[in-house]
Amino acid sequence: MDGQNGSSSICTRPHGTVADSKEKEKEKEKEKEKLPDRVTLKKEIGLLSACTIIIGNIIGSGIFISPKGVLEHSGSVGLALVVWLMGGGIAALGSLCYAELGVTIPKSGGDYSYVTEIFGGLMGFLLLWSAVLIMYPTTLAVIALTFSSYILQPVFPDCVPPYMATRMLSATCLLLLTWVNCSSVRLATRIQDVFTVGKLMALGLIIVVGLVQICNGNYEALTPQVAFAMERTPSVGQIALAFLQASFAFSGWNFLNYVTEEVVEPRRNLPRAIYISIPLVTIVYTLTNIAYFSSMSPEELLSSNAVAVTFGEKLLGMFSVIMPISVALSTFGGINGYLFTSSRLCFSGAREGHLPSLLAMIHYKNCTPIPALLVCCAATIVILCIGETHNLINYVSFINYLSYGVTIAGLLYYRWKKPNLYRPIKVHLLVPVCYLMFWALLLGFSLYSEPVVCGVGLVIMLTGVPVYFLGVHWKEKPKCIYNFIERATYVGQRLCFVVFPQIDPIEVSNPSEWTERSSGRSSLSANS
């Protein structure tokens with residue numbers, strides 16, 4: 001009996017343990033499915049999403065609302081079209097330089113990361129300070145206000161939408177897209193894809209309608225005799241201001257460099273996305289302006305505050321409502337793109353020790369930089385509450401343009417400083433030189449024509465100098481300050497469920513990919 005009981009107990013117990021172990025294994029598998037293999041920024045931006053980030057950030061509300069600035073300063077339709085084409089060419093030169101920097105220094109953060117690597121911490125911090133404090137919050141606030149104004153236009157057809165209504169809707173839009181970006185990188189990039197396609201379709205509608213007008217013989221304003229006829233000859237300064245207007249319309253061509261670490265195969269897809277996107281935007285911008293001029297006289301265009309809306313009212317009849325909706329959708333996608341990229345700038349700054357370490361943390365499950373996103377959203381809402389967005393945007397434009405030139409000058413300095421550095425892409429020396437010559441010309445005319453605006457922009461940037469020395473350079477702070485920072489970081493981690501990202505083992509095991517190679521291979525790549 002004892003033997004039988006013993007044998008039966010021996011037979012039954014293993015079955016129980018096997019079942020239990022299987023259940024535990026299933027539970028573990030489920031937990032593994034929920035959690036990522038490694039807590040790090042995920043490479044989920046393919047070639048299509050990379051193109052839509054560039055195109056979506058370049059094409060904002062400007063091409064729909066006010067291309068009249070270029071026409072106003074250039075003085076003729078023909079010269080305005082030449083300026084648009086050359087503006088795209090200048091953007092292409094700058095983007096080629098950024099393609100070299102992006103694959104040579106494969107870090108997220110764009111201008112900030114490159115300037116920090118090349119010129120050191122202080123220069124990088126000044127760019128970061130002006131971008132986080134003024135540049136991106138102000139740009140986001142203006143785009144959000146444009147979105148709310150066009151959404152509310154059908155509700156208030158005969159008057160300007162109320163101040164509080166536009167602010168509340170702008171803040172709601174910001175909070176919604178911040179939540180989307182906190183939830184999933186893939187969802188944020190899908191939204192960017194969809195809304196970029198929507199922008200191109202809206203511009204495609206304008207282009208098609210314009211081509212129909214041309215085919216029907218309405219192209220008098222585009223004939224060379226009329227297009228280049230000028231009532232007054234524009235000065236060199238006026239032409240420079242026209243180029244400046246076009247250059248600002250192309251701003252955003254460098255935004256993919258802010259998310260390099262999330263791009264799939266960045267050394268292949270980063271330059272490809274740039275080569276596809278910049279020519280496409282240049283062609284679309286030029287054809288859109290041709291469509292405008294085929295249907296509107298220069299006087300009509302100059303008197304319009306929203307060119308695309310006027311164009312729609314004149315030619316689309318009952319379907320003219322498509323244009324304000326298109327502007328609203330365009331700005332919605334622009335807000336998403338700016339939030340996505342500006343949060344990575346905060347993330348990169350914190351990782352370098354220039355911002356609080358909490359901003360360098362990502363969600364343990366979604367792998368999104370939630371603290372950085374919340375800071376960008378909060379700063380933008382503060383700017384919305386202040387209300388002085390249009391004054392600030394003038395200072396932002398100068399700072400933004402200044403950062404382009406400093407970064408591309410850094411490319412030349414880096415070649416001299418580290419000639420043996422492995423560069424997967426190496427543009428011809430004339431490319432950065434030509435860009436810098438054009439940049440210096442425009443910057444000089446900006447300083448001459450608007451010295452107060454440029455001076456205030458410089459002052460805003462230089463206020464970061466004492467902040468850098470007190471917050472970053474000064475290492476021996478009182479213990480109470482470190483205790484406060486540590487406590488605040490702990491609370492932030494608990495609230496946002498964030499941790500420091502893990503280092504990619506591939507990057508650690510193969511650091512020579514972006515360090516100096518042997519002189520033989522460097523000389524081979526230089527010769528090629």
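Placement of Cβ uses the backbone N, Cα and C atoms for every residue, glycine included.
Taken verbatim from TrEMBL:
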- 1-11: compositional bias 'Polar residues' (COMPBIAS)
- 20-35: compositional bias 'Basic and acidic residues' (COMPBIAS)
- 1-35: region 'Disordered' (REGION)
- 45-65: transmembrane segment (TRANSMEM)
- 77-101: transmembrane segment (TRANSMEM)
- 122-148: transmembrane segment (TRANSMEM)
- 168-188: transmembrane segment (TRANSMEM)
- 200-219: transmembrane segment (TRANSMEM)
- 239-260: transmembrane segment (TRANSMEM)
- 272-295: transmembrane segment (TRANSMEM)
- 315-341: transmembrane segment (TRANSMEM)
- 370-389: transmembrane segment (TRANSMEM)
- 395-415: transmembrane segment (TRANSMEM)
- 427-449: transmembrane segment (TRANSMEM)
- 455-474: transmembrane segment (TRANSMEM)
Beyond the flanks of the transmembrane segment (239-260) by at least 6 residues, Cβ under 8 Å: 45, 50, 53-54, 57-58, 60, 62-63, 67, 69-70, 72-74, 79-80, 83-84, 86-88, 90-91, 94-95, 98, 101-102, 106-111, 114, 266, 270, 273-274, 277-278, 281-282, 285, 337, 340-342, 344-345, 348, 397, 400-401, 404, 438, 441-442, 445-446, 449
Segment-segment contact (the transmembrane segment (395-415); the transmembrane segment (122-148)) at 3 or more Cβ pairs under 8 Å: yes
Contact call for the transmembrane segment (168-188) against the transmembrane segment (200-219), three or more Cβ pairs under 8 Å: no
Two-stretch contact, the transmembrane segment (45-65) and the transmembrane segment (272-295), at least three Cβ pairs under 8 Å: yes
Tertiary contacts of the transmembrane segment (77-101) (same chain, 6+ residues out, Cβ under 8 Å): 58, 67, 70-71, 110, 114, 221-222, 224, 226-228, 230, 234, 239, 242-243, 246-247, 249-250, 253-254, 257, 270-271, 274, 278-279, 281-282, 285-286, 289-290, 293, 298, 404, 407-408, 410-411, 423, 425-427, 431-432, 434-435, 438
The transmembrane segment (455-474) touching the transmembrane segment (370-389) per 3+ Cβ pairs under 8 Å rule: no
